[in-house]
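Asks: Annotations for this protein, taken from TrEMBL, read as follows:
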type     : residues  : note
TRANSMEM : 714-736   : transmembrane segment
TRANSMEM : 748-764   : transmembrane segment
DOMAIN   : 1235-1323 : domain 'Fibronectin type-III'
DOMAIN   : 1324-1420 : domain 'Fibronectin type-III'
DOMAIN   : 1587-1680 : domain 'Fibronectin type-III'
DOMAIN   : 1700-1795 : domain 'Fibronectin type-III'
Amino acid sequence: MIEGNQLCSSPAEYHPNSKVGRDWETDQVNHCTAARAKTCSECIRIGTGCAYCPDELFEYERCDLKENLEARKCSSRMVTIESTLKTEENIKINKALKYSQVAPQLTRMTLLPGEEKDVEMEVFEPGRGPLDLYILMDFSNSMSDDLDNLKRMGDQLAEVVGTLSDDYTIGFGKFVDKVTEPQTDMRPSKLAMPWANSDPPFSFRNVISLTSNISTFRQKLQRERISGNLDAPEGGFDAILQTAVCQEQIGWRKHSTHLLVFSTESAFHYEADGANVLAGILDRNDEQCHLTSDGNYTHDTRQDYPSIPTLVRLLLKHNIIPIFAVTNHSYTYYQKLSEYFPIAEVGQLQEDSSNILNILDKAFQNIRSKISIRAEDRPKAVVAEIFSQSGTFSESSIFQINPGETGKFKVRLKALNRVGPQHVCDANQADRAGILRVKPTTFSSAFRINAEVLCHTCDCEKTPVKNAVRCNSRGDLVCGKCQCYDGWLGPFCNCSVGASTDSAMCIESGKSEPCSGRGDCMCGTCVCYNPNQFEGPFCQFDKSQCQRFGGFLCNERGSCSMGRCVCTPGWTGDACECSISNESCLDSKGGICNGRGVCKCGRCECEHSGLPLSRTCEANFQQQLGMCEAKRSCVQCQAWNTGERKGQKCDECSFKIIMVEELEEDKNVIETCSFRDEDDDCTYHYTVNYPLNITDKEHHVLVKKKKDCPPAGFLWLIPLIMFLMLLLGLLLLCCWKYCACWTSRNRFTVLFLMYHYMLRQSLLTSDHLDTPMVRTGPPKSTDIVRWKVTDNVHRGQNHPQNQIKPNPKETIQYPVSLRLNRQYSETLSNPEARDTDMLRREVEDNLNDVFLQIPGSQRVQKTRFRTQRNSGKRQNNTIVDTVLSAPRASYPDIVKLTDKQVQAGNFRDLKVVPGYYTVATDREAAGAVEFQEGVESVDVRVPLFIKDEDDEKKELLVQAVDVPVGTAKIGKDHVNITVIKEHARSIFTFLQPAYTYSRQDGVANIPISREIIEDGRTQVTYCTRDLTAKDKKDYISVDGDLSYAPGETQKTVPVKLLELGEGDGLLEDKQVKQFVMDLSNPRQGAKLGRYPRTTITIADKPEPGVVMFKKSTQTYSTSDPLYSIPVVRTRNQEGPTTVHWRTNKASRFDLSGPLKFAPGETEKNVVIDPRSYPSPIIPETFQLELFDPSNNATIGERKTSVVNVIDGRGDGKMNIQTTEHVNALGTSPGGRLYAPTNIKAAATGPKNIRLNWTPSANANGYKVKYWIYGDPEADAQVLDMKTPQAELTNLYPYCDYEMRVCGYNALGEGNYSDVIQCQTLEDGNIPMKFIPTVTQVSWAEPAETNGVITSYEVIYIPIDEDKKPIGPTKKVMIDNPKKRMLLIENLQPSQTYCYKVRARNKVGWGPYRDATINLASQPTRPMSIPIIPDIPIVDAEAGDEYDSYLMYSNDVRSPTGSQRPSVTDLTEDQFVNGKWDQTFLFPGGSGSLSRNVSSSSSTYSHSLPRLGVTNNSSTTTYISGKGGSTTHRYDIRDGGLLKEEVILRKRSENRHYTDGDGVRDSIVMGNLSGGFLDNLDSRFNPGVPETPSRLVFSALGPTALKVSWQEPQCETDVLGYCVLYQLLSGGEVKRIEVNNPAQNSVVVQDLLPNHSYMFKVKAQSREGWGPEREGVITIESAVDPKSPLSPMPGSPFTLSTPSAPGPLIFTALSPDTLQLSWEKPRKPNGDILGYVVTCEQLHSGGDLRSFQVNGNAATSLTVSDLKENMPYKFKVQAQTTQGFGPEREGIITIESQDGGSMSQYSSHSLTKREVFNLPTEITSHTMFSEPFVSSEGVMMMSSRQITESGGTVTRQVEMVQRGVMSSSTVTKKVERQYYEA
């Protein structure tokens, strides 16, 4: 039954006869009507301007804009609400008051959902306001000299503080650590005096409360003595918390700046760091004040240390700024700690703290120069943002403000529409309303905003009219609308659901199907199947098919309603792409489009003008740059007939000047210009402005009539001047030669030092070259030299690359370098440092404002800081390197603009030093260098433009252009640089990025690997460098060269590790000791690989040994005399180790005891004699447990072992004579046992199998191996039996198992028997019910983000009943902050887990939020868990390498080692033989659920071998761990078993794909064939098709494409398919319907060449449409230059996807051998590890051959043993660190001229094989090498076959194939369709 109120809540919305139904095509839709509100309350909560009309006779849309309802004559009962804003308290800022202030103080604000409001805020910080300074000092013994210095500096401290403030107080506190073990030595003597002349230990003591009496402070400080403790980390966090919360005891004042100086040389203890566990201090810190009257902290032994987030929160609450003054031992710890605070400073103390005053002064200046404004106590439904007065937003909320000035800011509050998953009006009142406190973090006063989100309820809903007559007594009248009872429909509830109606009213004009096939016609009204997707009177509109902008539906600024975008207030346009605001149209003067245009869609449309204008209709800055200079000569000649154009040249000027008395003001013109006239030494002035007529092409130039000339001389000076001139002439005549000599000596030039550089690319260590330029002569002045560099000057004009003209509109990257007017500091080398971040933001903000003048420019990025060596007196200045993205054609403008700003010395507010800059593209660069006075040489930093497409030998030209500043002349003006591109022949790398060695090892052996590409000799240099480990203290540094001989692939560098010295006591720093080793200078054609640096960690303690049971389960019989349970020891086995054991839940005994391992001993047995106890031996199960290991050992993962004691009498059916029979010939002549015989296996239940066999003579016991059929034998479980029988338990029901048995004696294990097979019985309960093993963890964004969340971290760990960890901790990093959900697979059943989540912003990590769940106690989950797109998935059973590794459900990859998919219940066809059906498995993991979208699907097949049949062969395919599959082929001949192991990649057949349709290039995309992932979306709707498992794109031409797919699985018949495709950049979505279910492909025509398309394919059944399979593809081809959308006739074409290899290229080497090559993927999904190549016959079947090509550099493969005239299909796909990419397919045939063998080649081979057919297993491994050409011109390929056999002879044979190449050529022919389009 359909509920009527769902259909009739908005009758006019769908009823075709209503006015809304008639006018939906013409009415203006707005955000109110688009929301489709069903009730009055829903309507008024939509947002701004929405109102509701409750009139009964109102025939229009009831929920609409208020003005629309008024226009349609809605009565005065119209319901609407409006937001409010009222300032209730506003005391103006009084600068005379010397304390911080904000204004206003209180504002009340109400907001509608989604509404934004701005309010102005002022902040005042006095220049010398009140200051409270509290010094908190570490009083451990190591700080004794620091205390002495502080005592001596008492007066100096007062002076320094006095310079900072006129009203200050100073206080002092001291701390050590908790007075308990292990932090403090608890011996009575040490408690009384831990060190000589010291006080007893304590935690924290407030010694001097804040006081202004400096003499009292100094006197009390002199009486202090040092104390002491044991461990190096101190308890300073306790002291900081008490200092913050004990406001009255410390003496903090309300309106002062609070500074806390924390001085120590040690690290810190923090909450739950484990230090308090031994003392039993487990309670969390209560954050309360616990100081006595004399200042002692009383709760140090009652509660834990506080956490870092707690300290951050409390210091922020009490407006305290920490200053960490620490020594270099712990500087890095506190530097990272400071990043968690909004404002904090870190200074590095000298060892005796003598520089603490300098640190204090510098830190205070830094703090006063910036201000952090934040919104505190914000309700969840309100978002607050702080802007500067100019509208600049700072993500870190830090702004620059000068003390003593008033800063103006704008606070923007926005009400959210949703709080978490629910509407904001459904949230709690506390989440919708509250008082925000907007304040600088250092202020005590705050701007309070009482904000509330309005969620009113309409009064008319409270008084409904029951059984209303207007509703025909079949519904209630609520707010003018009928809400029908169940079973009734229509606007007046006059239509019964069961009544038949004419469907004609539901058919849209021009259509034939009612409701467009998307709904049912009920009572003449369409009821859409899915109202969330389809709408309209005839369900004709799809809400997902509105216009998009930037790929987003309605630009995410509106909603899709009735086929068009309905924009939110403030936005307009067909795709809501236009902002109504005029902010983007503001010109430099604050006007709109400079008064010369109109602002449309957020952009200026300028009036037609003959002059080029900027985007705000201002003068184009390119014109401004040279505007004055360009008009200078014409102004001179026209105004005064002077200058270089005087005379007839003046007529050539294109503009006419106008002489005026006074010029216009600067703000009213484009440029004001002033120049000196050389003829009369007077200065003239003129202005350049826009033309009076906008159609004129010349500027309007006004010239001031009066020049500014120097004062006129006096007449009486003329004779004197003449006399002096004569005298001067005589002097010049006498000194002519002398002057001439000095003139020649004083002339100097600048020139490049070198003529030519020859560089080898493989030896380059950077992408630039520092080229020295020198200056000759006496350098007594400053000269600036401009230079430029051009790439590829060796290419002539006719070079093919020079014929390709670059696209001038192409956006490229411009590296820009500038020299800042500030000194460089080491902190700038750390990109995460606070100073670096602040300077980076300052640089980027200012550069972005300047480069905004460049049309099409984007924001700068990748900003870094460095110094420039050999730059004269400026080498300590900071150089900033950044990258600007802009159109290619903008290069000259960027250079001009940069040069202009550099010479001016600033980029807006950013100060730069003139004389230095660099601007580069990908092919040229320009810049300037400066010679200061006294400097003779500087370096020009020349970019080398290293690119993959460079020629083998390229040449760059560096030229000195001119000297714009100075008098130097340019001498040798150029230098050539030649770069030789060499292909690496070897690659050097460390195997790992980090190693750990124990100090007790004495030496660290560092392996250095060499990957050989072309063999030969080569060298590489290595050297070590200190980090925290110090040379000659922790290790002995090494450096040198390693030489590798031909064929040598690895060498080891030993580094000696030193023991701890006597001075390294308990109080020394406990930093992790690390040093690094670097590789450099590879020679002989080598290069550095993935890890050119490795970090070595020195562990002070040896690695503990691990002790655990050898097996988790043991089985014995009641007839066994002893139970021997083995315990093994791994890792550190050098010293003696002891571990204790005990029994649990044994019915006859309760035993325990020690187990002692001697040095070097690795295995011991726990021996239990069951017969030594009086009660009878019965079948039972008990447990053994290991506990209490010695100090040098830990207990491993098998802490317990289950012992099963079974009935030794058997099943009662055994033949007693058979049991008692002993094989007298049980041993070989050497004493080795033969395999047991007469083995019988029988299933005794769904989980049990019983084995019996004939006992062997001299056997001490037996080993039984068993495994699931199809699994590798290496994964078998082993039982140790003392009797000739075994009971296999805990097996899978209805599952095939394989077993083998052997005996053992003192000589070891004997031969194993042949494989025995047995199948367990059916359980009768299939499908079985599983305990869930999957958890979905989700979380909300933190209530206080304190910035932008950048990532999350999830931790999960198994815990016991006491909530203590019992397993390894797994961490998962989620880098996308929008993905707040995680799916964890393969959890242990019935195991309790603790989950923790924390968030990170730019400051650092926040606190953890935890939860505890036991899956066994949770409700039963559905058959399969739905995986929501983009949910991260992790595998709980993955190894350590899976920490921080994520998959995503729509782009998921396979975790190696996963053992089961993420499901809880399986159907019978998915769970077979007690294990996962192998069709569930596909490439990517050993029995794992693979989720690699770009890997091909795989199938599993096997044939059961039957015993007793000779020469029978069985082939089984297993899934390997890296996406491949391993095939084991068993050939049983004469009782022996020959096993060949090869690596191949199994792929499912593509039965729909044919190769005779003109296909010449294909790419395959897909992940699985009927796999589990595709089932997830459809399990809730049985009968809905799953996702088509694979897409195959085949190019038919430059504009034609064939799209094929594999039929999806479906429980019902598939009725057809739908193919959707669209340009990736947006545009019309085209649809192809495939009504024939047997058709699995379509041909798409008229595509655009070189354009990327998104294709989607989905299937349909009677139950509906299934999910889509997506793929992006591009057909690349040459196009007509005059028509970029038209391909060149006959030009080649190929398919392209960013992560697929390039087109395949085949080269025939012989009739049966070819070489295959390909290009690297352009954008692989990770680092390329290698490639997988498969080869198979196209038509005749045959085996699939697979090749693994390792390494990133190798892109070719030689394939032999092919057949002539046989077409083959080759496929290549890249293997990356993220999985496998799409496959590239190609088809090739090697044809001979006569169809037979080719005479150009003669070949012969020698094969030798000797195998002894013994009754045991023989394994053969065959390895082939690629063909190579010997020095005699012989092509050779070698293979090595190694045959292994247990206890038999092993032979190694060589096979060499020789082929002699003649002078004739070998031609390659390819199938004709491969070339023909």
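FYI, residue positions are counted from 1 along the chain as it appears here.
Positions of Cβ are set from backbone N, Cα and C atoms, glycine also.
Help me picture where these features are in the structure shown.
Replies: DSSP states for the domain 'Fibronectin type-III' (1587-1680), grouped as helix (H, G, I), strand (E, B) and coil, give 0 helix, 54 strand, 40 coil.
Broken down with DSSP, the domain 'Fibronectin type-III' (1700-1795) shows 0 helix, 52 strand, 44 coil.
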Asks: On average, what pLDDT score does this prediction assign to the domain 'Fibronectin type-III' (1587-1680)?
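Replies: Looking only at the domain 'Fibronectin type-III' (1587-1680), pLDDT averages out to 85.
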Asks: For the transmembrane segment (748-764), give me same-chain residues lying six or more residues beyond its boundaries with a C-beta closer than 8 angstroms to one of its C-beta atoms, as numbers and ranges.
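Replies: Answer is 771-779, 783, 785, 931, 937, 940, 944, 946, 950, 958, 960, 963, 968-982, 984, 1081-1083, 1085-1087.
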Asks: Looking only at residues six or more beyond either end of the transmembrane segment (714-736), which have a C-beta under 8 A from one in the stretch?
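Replies: Same-chain contacts beyond the ends: none.
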Asks: Which residue counts does DSSP yield for the domain 'Fibronectin type-III' (1235-1323) in the helix, strand and coil classes, in that order?
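Replies: Output for the domain 'Fibronectin type-III' (1235-1323) reads 3 helix, 45 strand, 41 coil.
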